[in-house]
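Swiss-Prot has this to say about the protein:
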BINDING   302, 360, 362, 380, 381, 382, 385, 401, 402  UDP-alpha-D-glucose binding site
């Protein structure tokens, strides 16, 4: 067949794409959006123009996008469809179908974004994509655009994912049935079934993540030592960062607002993509009225909502302990269409002892001197923010990677204590109180060790991200290696 002209146009487009200094970022969930925005900010400070791409729905929900982030020189925004722009997919919906639609619609949108940018004279020259979006790298490669994965969880978890899909899956699955059995993997601490990511069990409630995760791991395995940017720092996970020879993991974290690192850039605290409306900011005034190190901060993240039974145990633990608390208590109506009520008597007692809010700006809370500890679900953003804040932790993991993060908190970094659930998976009130009393009570050997370690990691984190620190150097080296000027 004769050349119909398409080949020439494609070649010309590839040439257009290769010229320039534009870097595309793709992220979808808030757990990735906030560190991704911080990564964008760091890249911009090094002279790189960034196009930040996320789903239509996430972009619509990014409340702060309209002020600081929208006026940042060097940063532009784009959205792509995941097939559910009208919010028709519920949290308990068919997520296998969602991932399929995300790939189909997202691929079309990214193709349009790349071609439009090239035709407008601002070509994308590198793509950084988030976990489970490996199709973005496939699309980029058709235009000869190189790419790298941004992993917003710890290097230990990335190594676990890679091992699971590259020769160790059967071994891990066989030991998941025995809580007393240890799982030994190169470069990682000894782990038990209680420390494993929740989707590793093929029969578990999060098994729907296995297929897209397998696709991601196999995609990385087919490449020649691909670069992976990881939201951690060298001193925190030295062994895990070197555990997988087939991957070149580069620690570039902690990717958090400068306010937690001792910076004074007020706009940076709002350089995030809040997907939930903040009801008010009177919680800061409330914290101002409390003594130093006297408040327990409680948050289980943007996705998890405690069951009725578990929430009741937490309520009783708080009331019985007497500790003052600030609790980010989201309504169940956000997740299940059923609003949970706390009976009036308990609610009155809770309001006398502490404060409950539907949402807050966590960065502002964590840097407040009134905080004494952080009861957290151990999502990675919250975990690394606790480390940078120097706060002792009560680890209350719920799902996905959180049990692994809790293991690291308690046994590796030793900055907190982890709650132990009963055989039904419920953490009872006595156990919650035991952990709270340990980190908030009178000083003893374990409490003092936790406080010492919290201060140590706080300093090491700030050193890593500072000028000339390991993470600062790693990011500059990355840009030099991909031939983007700094």
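Just so it is clear, glycine is given a Cβ too, placed from its N, Cα and C backbone atoms.
On the structure: features taken from Swiss-Prot.
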| residue | record | DSSP class |
| --- | --- | --- |
| 302 | UDP-alpha-D-glucose binding site | coil |
| 362 | UDP-alpha-D-glucose binding site | helix |
| 381 | UDP-alpha-D-glucose binding site | helix |
| 402 | UDP-alpha-D-glucose binding site | helix |
**OP:** For residue 385 (UDP-alpha-D-glucose binding site), write down the residues of its own chain that are at least 6 apart in sequence and whose Cβ falls under 8 Å from its Cβ; none is a fine answer.
**Re:** 254, 256, 260, 362, 363, 366
Subject >> Chain-internal residues near residue 402 (UDP-alpha-D-glucose binding site), provided their CB is under 8 angstroms and they sit 6+ positions away >> reply: 198, 377, 378, 379
Subject >> Other CB atoms, at most 10 A from the CB of residue 302 (UDP-alpha-D-glucose binding site) >> reply: 21
